[in-house]
Amino acid sequence: MSYNRRSKNITQGVARSPNRSMYYALGYQKEDFDKPMIGIANGHSTITPCNAGLQRLSDAAVAAVKDAGANPQIFGTPTISDGMSMGTEGMKYSLVSREVIADCIETCVQGQWMDGVVVVGGCDKNMPGGMIALARINVPGIYVYGGTIRPGHWKGHDLTIVSSFEAVGEFTAGRMSQEDFEGVEKNACPTTGSCGGMYTANTMSSSFEALGMSLLYSSTMANPDQEKADSAAESARVLVEAVKKDLKPRDIITKQSIENAVSVIMATGGSTNAVLHYLAIAHAAEIDWSIEDFERIRKRVPVICDLKPSGQYVATDLHAAGGIPQVMKLLLDAGLLHGGCMTITGRTLAEELKDVPSVPRADQKVIHPIDQALYKEGHLAILKGNLAEDGAVAKITGLKNPVITGPARVFDDEQSALAAILDDRIRAGDVVVLRYLGPQGGPGMPEMLAPTSAIIGKGLGESVGLITDGRFSGGTWGMVVGHVAPEAFVGGTIALVQEGDSITIDAHKLLLQLNVDDAELARRRAAWKQPAPRYTRGVLAKYAALARPANQGAVTG
């Protein structure tokens with residue numbers, strides 16, 4: 001039986017003789033035209049350590065595809081480094097790159113009539129970009145995550161990239177020596193791999209195991225380890241079998257499997273960015289999903305993993321403790337996962353987890369039993385109020401002061417806010433407002449890790465609030481609220497805030513409120529004028545023109 005269901009459109013018949021001529025130039029033989037064509041979407045790049053170790057994984061996938069009797073076709077996908085672009089204009093390209101990656105994969109797979117695709121990625125937007133593409137084109141596919149970085153070490157402390165960001169605030173506050181500042185800088189990132197806490201890359205890759213689109217245990221492996229390359233090869237073999245079975249992404253990505261993915265995100269204390277990305281993935285798969293669904297799941301799924309940024313441990317510790325399968329087994333036994341969901345292996349999630357212990361190992365402290373959860377409810381909350389009629393996203397667990405009412409300190413760009421924090425112009429009790437940074441206004445919803453880390457480094461993490469229509473890094477923690485919708489650029493209430501206005505952030509009531517009377521707000525709204533777009537040409541201008549609101553995933557189509 002032939003499994004080249006799609007690629008035969010480009011390789012078979014008299015009219016395709018010129019096509020075959022070009023394939024012969026690539027080393028193909030006549031018998032190869034009856035084999036399935038498998039794309040390898042290779043995200044390798046020396047831009048960032050997150051992607052610098054992907055070539056080895058792509059090579060392993062290529063070899064496995066050949067061994068499985070199929071033809072590998074390698075093409076590149078772009079990336080930017082969120083960590084390196086953070087705090088600069090370059091960060092505006094981060095979320096945009098999610099759309100570019102999705103479009104890139106769609107273009108290559110559809111343009112070349114590939115029968116399946118192995119997506120290999122590392123940095124934050126690689127994961128949602130790849131999954132959006134798979135859900136959109138609905139061609140058999142699997143996600144191979146590049147793997148996590150190992151933790152750095154300095155004077156007995158484990159480090160991640162967030163340690164470096166927070167060191168900036170500590171050093172400028174005089175709370176860290178020059179020696180320690182440089183020590184953290186040089187030792188925070190000791191290997192290739194994605195940022196090591198339960199930040200955005202590890203959040204999304206972990207959730208892909210629960211979604212059914214990645215192999216078990218693959219999300220918490222360290223990039224340099226041999227098991228990571230072995231997992232990439234096994235992923236490619238599984239994908240070829242999925243092509244033979246005609247098992248497609250939309251057979252796997254369903255509303256129930258997305259609920260599984262979000263449940264794992266809640267249980268592991270994952271990134272706020274997951275809210276945005278799963279809205280986008282669901283949209284690509286044509287599944288009815290909203291921010292209210294996140295709140296519904298938050299109320300029933302506890303946080304059971306003690307992971308950075310708000311906890312103690314990193315992804316390699318989670319891997320040693322049993323990985324995401326151990327987390328999922330606890331959730332499944334508690335009735336918090338849909339075990340009947342199909343996975344890329346052709347087996348259900350419950351079947352995949354059959355041999356995973358029902359009790360986590362006693363010699364580890366990363367994964368807690370359900371009845372000993374760190375928090376009884378999830379951490380990613382949807383806040384609403386007159387400052388966010390369409391919703392905003394916050395991490396609410398672990399806050400010593402879950403309610404703050406204070407004067408607004410208003411900034412229309414990130415650099416001005418960062419300078420004010422580092423110059424000690426932000427004081428305990430203030431609420432920093434960063435606006436005109438939404439999908440259209442930023443454009444691209446840049447992440448605010450630099451100012452939030454500076455606040456923490458200054459020792460103000462529990463006493464200063466920050467709200468924005470932009471995003472936060474997965475490494476952010478504290479009294480911070482992002483994804484405010486409607487955004488300032490379209491006239492959302494956040495655009496009407498004035499310096500010194502009273503703002504309340506209430507994590508208990510899930511409230512984000514500007515304490516200004518309706519008549520005054522109406523006066524300000526009548527006087528407000530939409531600013532000119534920051535960009536009128538290029539990819540940022542294209543994105544700004546097409547982007548939907550944050551509460552719809554900030555998608556472009």
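For all residues, glycine too, the Cβ spot is worked out from N, Cα and C.
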According to Swiss-Prot, C50, C123 bind [2Fe-2S] cluster; which one of C104, C195, C305 is annotated to that same site?
C195
Determine which of E447, E462, E487, E499 appears in Swiss-Prot for the same Mg(2+) site as D82, D124, K125.
E447
Counting every protein chain present, what is the number of Cβ atoms, excluding its own, within 10 Å of the Cβ of K125 (Mg(2+) binding site)?
28
Would you list, in sequence order, the residues of this chain other than D82, D124, K125, E447 that have their CB within 8 A of the centroid of the site's CB atoms, where the site is the one recorded for Mg(2+)?
I80, M91, S94, L95, S97, C123, T200, N273, S473
Quick one: which residues besides C50, C123, C195 have a Cβ within 8 Å of the [2Fe-2S] cluster site's Cβ centroid, in sequence order?
T48, P49, N51, S81, D82, G83, G122, D124, I149, G193, S194, A201
In whole Å, how far is D124 (Mg(2+) binding site) from C50 ([2Fe-2S] cluster binding site) when you measure between their Cα atoms?
9
Report, in whole Å, the straight Cα-to-Cα distance of C195 ([2Fe-2S] cluster binding site) from E447 (Mg(2+) binding site).
15
